[in-house]
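What Swiss-Prot records for this protein:
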DISULFID  Cys45-Cys72  disulfide bond
DISULFID  Cys100-Cys122  disulfide bond
DISULFID  Cys177-Cys207  disulfide bond
DISULFID  Cys234-Cys256  disulfide bond
DISULFID  Cys297-Cys309  disulfide bond
DISULFID  Cys304-Cys322  disulfide bond
DISULFID  Cys316-Cys331  disulfide bond
DOMAIN    45-159  domain 'CUB 1'
DOMAIN    177-292  domain 'CUB 2'
DOMAIN    296-332  domain 'LDL-receptor class A'
CARBOHYD  Asn311  N-linked glycosylation site
SIGNAL    1-22  signal peptide
TOPO_DOM  23-347  topological domain 'Extracellular'
TOPO_DOM  369-525  topological domain 'Cytoplasmic'
TRANSMEM  348-368  transmembrane segment
Amino acid sequence: MALERLCSVLKVLLITVLVVEGIAVAQKTQDGQNIGIKHIPATQCGIWVRTSNGGHFASPNYPDSYPPNKECIYILEAAPRQRIELTFDEHYYIEPSFECRFDHLEVRDGPFGFSPLIDRYCGVKSPPLIRSTGRFMWIKFSSDEELEGLGFRAKYSFIPDPDFTYLGGILNPIPDCQFELSGADGIVRSSQVEQEEKTKPGQAVDCIWTIKATPKAKIYLRFLDYQMEHSNECKRNFVAVYDGSSSIENLKAKFCSTVANDVMLKTGIGVIRMWADEGSRLSRFRMLFTSFVEPPCTSSTFFCHSNMCINNSLVCNGVQNCAYPWDENHCKEKKKAGVFEQITKTHGTIIGITSGIVLVLLIISILVQVKQPRKKVMACKTAFNKTGFQEVFDPPHYELFSLRDKEISADLADLSEELDNYQKMRRSSTASRCIHDHHCGSQASSVKQSRTNLSSMELPFRNDFAQPQPMKTFNSTFKKSSYTFKQGHECPEQALEDRVMEEIPCEIYVRGREDSAQASISIDF
């Protein structure tokens, strides 16, 4: 009995184990069947496989019918100096329509939706072989709300570009050339490639600049300088802008003509790519990037009036960071950096040494000049003669009437004697003429004659003395009454001689240092 019960328990346990193991095996089998199958989100368009030499892609749900109201875009990119070759499988069906107005497949020669159109395809027949003229191809699949079909499956591969056969065919591997920038603003420069020697002279340029904005910000790009050596030849040189990553799907703009416009990115990561072949090394660009947030603006940001808020540190910094120059309007002109602000450490050292040398020489010169005059003054004091300086610098002392008393009295005595003799002679001559002639006309002539005689007498008297420089002149006037003779006939002109005015100018001259004086007498009637 006990053995039978034990056997029954073992059977139950065995059955339970087998059931559990069976369930586990079934679960593993189901999981194994799901390996390699990827659930495609509703927003993704089919399967796309990429390789270094090409790849393949298909319409959504291929080989089943594609969904209605679907739009998928595929952008193919080859390596530099290569083209793209596109082929389709035979299992192909897209709703046919006139000029493919409804469901269709659109292929363009380039990376954009506005690139040259190659053709539109629909119907039951697969498209022929398609080749691009450059390294990009833009493909769009579109379906409407009715009549879905099988769809398509396409393969693409990269082939050498025959336009570059003169350069040796396929391009040699280009060295890594990448740069990173971040912050509120900054400048992307193509000249950085040569400065950091990322490429060798004569080598093609294929460089990437990755820009990271400040947190929660987007990026605004503005070209400060732009020049393509071969304009409108995108195969040879271009500047491309990507929004979010360097993937071809995120290509925002591409410039290879003569003009480059501003670009607003929707994310905080921007990628700038420059391509220039060996013959386009003169191509260059310089680009300003600015981090911005959308309004409303905070206290730490500035409103640019163009749906932009930039950091306050970028206002009035001499650079236009807004799309319009609102941030640089109403700014006070900043003073230019002074001379001392521009002096570097080396300049300061040179100026300091030079100034020290000049200062030492100046001090030595001052000491020499201070000591030298003192010696000269000491030498002059020993040879100083007060008497000589007294004679040279003291003015001469003049005394009026410094004649000796004897000489003055003798001169005055001689002068008075001469005057008396002259008066007597004059009276006698006048009286005799008036008595004998009995007229007054002769008296006038006698007066004239007397004056003539007086002048003749005066000349030798004045010539006795030389004419030195006069020092002072004084006049002595003597009034004397004239004698009148009453004759039988009165003379009317005799009244002129009632008074005799005698002026005796005395002039004193000093000759040299001698105290001698001379006098001259002039008598006028």
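Note that the numbers count up from 1, one per residue, in the order the chain is shown.
Cβ coordinates come from backbone N, Cα and C, glycine included.
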Of Cys122, Cys256, Asn311, i.e. the recorded positions, those within 10 Å of Cys177 (disulfide bond) when Cα atoms are compared: none
Tertiary contacts of the transmembrane segment (348-368) (same chain, 6+ residues out, Cβ under 8 Å): none
Same-chain residues near the domain 'LDL-receptor class A' (296-332), Cβ under 8 Å, at least 6 residues beyond its ends: 184-185, 214, 220, 222, 262, 288, 290
Disulfide-bonded residues near Cys309 (disulfide bond) (Cα-Cα within 10 Å), from Cys100, Cys207, Cys322: Cys322
For Cys322 (disulfide bond): intrachain residues, at least 6 apart, with Cβ closer than 8 Å: Thr290, Cys304, His305, Ser306, Met308, Ile310
Rounded Cα separation (Å) that holds between Cys297 (disulfide bond) and Cys234 (disulfide bond): 40
Closest of Cys45, Cys100, Cys122 to Cys331 (disulfide bond), Cα positions, disulfide-bonded residues only: Cys45
CB contacts for Cys72 (disulfide bond) [other CB atoms within 10 A, all chains]: 20
Site of maximum Cβ density within 10 Å, from disulfide-bonded residues Cys304, Cys331: Cys304
When distances run from the Cα of the residue listed as 'N-linked glycosylation site' to each of the disulfide-bonded residues Cys45, Cys100, Cys207, Cys256, the nearest one: Cys207
Local Cβ density at Cys100 (disulfide bond) - other Cβ atoms counted within 10 Å: 18
Cys45 (disulfide bond), number of other Cβ atoms within 10 Å: 19
Residue pair Cys122 (disulfide bond), Cys45 (disulfide bond) - Cα distance, angstrom, rounded: 18
Cβ atoms near the residue listed as 'N-linked glycosylation site' (within 10 Å, other residues, all chains): 20
Disulfide-bonded residues compared (Cys207, Cys316) - the one with the fewest other Cβ atoms within 10 Å: Cys316
In three-state DSSP terms, the structure that Cys322 (disulfide bond) belongs to: coil
